[in-house]
Amino acid sequence: MSCYVALQSPEAFYILLDQDADYSQDGPPLTESGPEEASSMFPTTRSLLLARCPSLEELPQQRDYKEAQDFEGRAMAIRCVRERMEGQLSLSPSSTRSEWEQQRPAADAHKVTVSEATFTMLGFFLNPFTFSMPFLFAQSGLVSLLVLLLAFILCSFTGRLLVNCLQVLKDAGVPRPGYGDVATMVSGPRFGLFMQLLAPLECFVYAFGTCIVMCKTLAVAFPSLGAESLVSASCALAVIQCAIPDKAYAYLALFSTLSLIGSLLVVFAYSTSLPEWSEKIELVVHAGLLPNSFSLAVFCIGAHCCFPMLFNAVDSKEACMQALQLGLLLWLAVAAVSGLAGYYIFGPAAQAIIIDNVGLDVQLRPYPAQVTVKALLQLFMLLHCQLKLVPVSRPIAELWNQVLGWTVDVGQGGVMSMLSGLPVFLLIGAAAYGLMDLISVVDSLCGSTLMSLNAIIFPSFAFVVICRPSGAMLWLSLSAGFLGIVLAVFVPWQYIAHYISSGYVRAMLPVN
């Protein structure tokens, strides 16, 4: 039996087997039926396979990767091509399994603790869109508490499903499994490429949304500076921050989270000086906007595109799940308390970003804010948003490196990580400047489509295909997936119809 890898493109590949060849000979015995480029591009393919599967019985028994039903075969294809292309292994035909493990990427030696992983998770969940929680309550009412709880349960469930899928790939030998690898296991390399592009797109939305929130805050302190200057300065500083490795950045993520909480406290401290509070609380305000509120909540915590990065940074699946659960619980507490308090104080006047209420009363009339309040708010927001930019940009930088063929681990920091982040933040800055006044629309539409696919639909169906659950777990996974489909299809139409009927869209159109 001989084996070779046929490469169609960096993402499209498959394994073919020849039952008649002999493995006892040195070198990969390729047959005439295989592509000639395999022998030149993968001279040690057989050695890689034998290093991971010493016995012939462990080799996949499929003729064609595209027709393979055995996940070990697919995982082997992913592993061999990735490791060979990235130059991470250099093995001889006599290499043993222990030698293979010793030559795994150096990044595996820099694992983070559960506490550090939790800090990073909090950095993902307690993002600037947490400032939209009072707005969520204002458009839906007290029932928003139930909405937040449902979003917490759903994203916690699908996050665990995704982590289980990543563990299956890791057990199969894929060194650092990612979104694209999971998708390849599910439906082949084309779908893997699609998801590999879609996951960083979610991070991209998070990144330019964070940049918008920060620039809106700084515009109050520096009204003479235009949005273009503020965005440029923020992105330039973020490129420099890319040189900091992930393990050290975990503590900066904690500091960023504390800055967000400090910003919320400043807003509520400002509200104590107002002549009156709204105190207008309803159980349900707009029932038709409940799905939209749910999508906003998912937008906050649907950071599943970043879970593979964290999974590869910790020691075990259990550590990743523990950090995930702690992070989500803390988000639920902060979101519920801040949303309810902001709704009680500002009522229907709560803005899409609650910091915009500083300087206004509950009737949206100008009301002076103390200099100390403005200074503290701007300081906390600057720290929170600026420190937030780098972690969410890492998956985008990794994709950029794959396009260029670089083997840089952006999580290790250094000059090469800065170079990887430069084009990323050029794109983030351009998007932030162009969508500065459409942040609430981006929140809802992306939360219902892009985040639904990445955070709900894909993890649910991937778990069904890869882990093959049965009984209640099977039905729960399928139900979560179909709920994500409904959310992705229904909410955008309902959201757009609401704003057209309210005159919001007509007000944005130019008048002839």
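The backbone N, Cα and C atoms fix where each Cβ goes, glycine too.
Now, the feature entries from TrEMBL:
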- 110-496: domain 'Amino acid transporter transmembrane' (DOMAIN)
- 143-163: transmembrane segment (TRANSMEM)
- 197-219: transmembrane segment (TRANSMEM)
- 251-273: transmembrane segment (TRANSMEM)
- 293-314: transmembrane segment (TRANSMEM)
- 326-346: transmembrane segment (TRANSMEM)
- 414-433: transmembrane segment (TRANSMEM)
- 445-466: transmembrane segment (TRANSMEM)
- 472-496: transmembrane segment (TRANSMEM)
Cβ under 8 Å to the transmembrane segment (326-346), counting only same-chain residues 6 or more beyond its ends: which ones?
118, 121-122, 124-126, 130, 133-138, 142, 144-145, 148-149, 152, 155-156, 159, 261, 264, 267-268, 271, 274, 277-279, 281, 297, 300-301, 354, 357, 362
Take the transmembrane segment (293-314) and find every residue of the same chain, 6 or more past its ends, with a Cβ under 8 Å from one of its Cβ atoms.
107-108, 110-114, 117, 120-121, 124-125, 127, 129-130, 132, 135-136, 139-140, 144, 147-148, 150-152, 154-155, 158-159, 162-163, 166-167, 176-179, 182, 199-200, 202-203, 206, 246-247, 320, 323-324, 328, 331, 335, 391-392, 394-395, 411, 443-444, 446-448, 451-452, 454-456, 458-459, 487, 491, 495
Can you tell me which parts of the same chain pack against the transmembrane segment (143-163), counting only residues 6+ beyond its ends and a CB-CB cutoff under 8 A?
133, 136-137, 182, 283-284, 290, 293-294, 297-298, 300-302, 304, 307-308, 311, 317, 320-321, 324-325, 328-329, 331-332, 335-336, 339-340, 343, 455-456, 459-460, 462-463, 467, 476-477, 480, 483
Would the transmembrane segment (251-273) count as touching the transmembrane segment (445-466), i.e. at least 3 C-beta pairs under 8 angstroms with sequence separation of 6+?
no
Looking only at residues six or more beyond either end of the transmembrane segment (197-219), which have a C-beta under 8 A from one in the stretch?
127-129, 131, 178-180, 225, 227, 230-231, 234-235, 302-306, 353, 355-356, 377-378, 381-382, 384-386, 388-389, 392-396, 398-399, 427-429, 431-432, 435-436, 439, 442-443, 446, 450-451, 453-454
Is the transmembrane segment (414-433) packed against any residues at least 6 beyond its ends, judged by a Cβ distance under 8 Å, and which are they?
204, 207-209, 211-212, 215, 227-228, 231-232, 234-236, 238-240, 242-243, 245, 389-390, 393, 396-398, 400-401, 406, 408
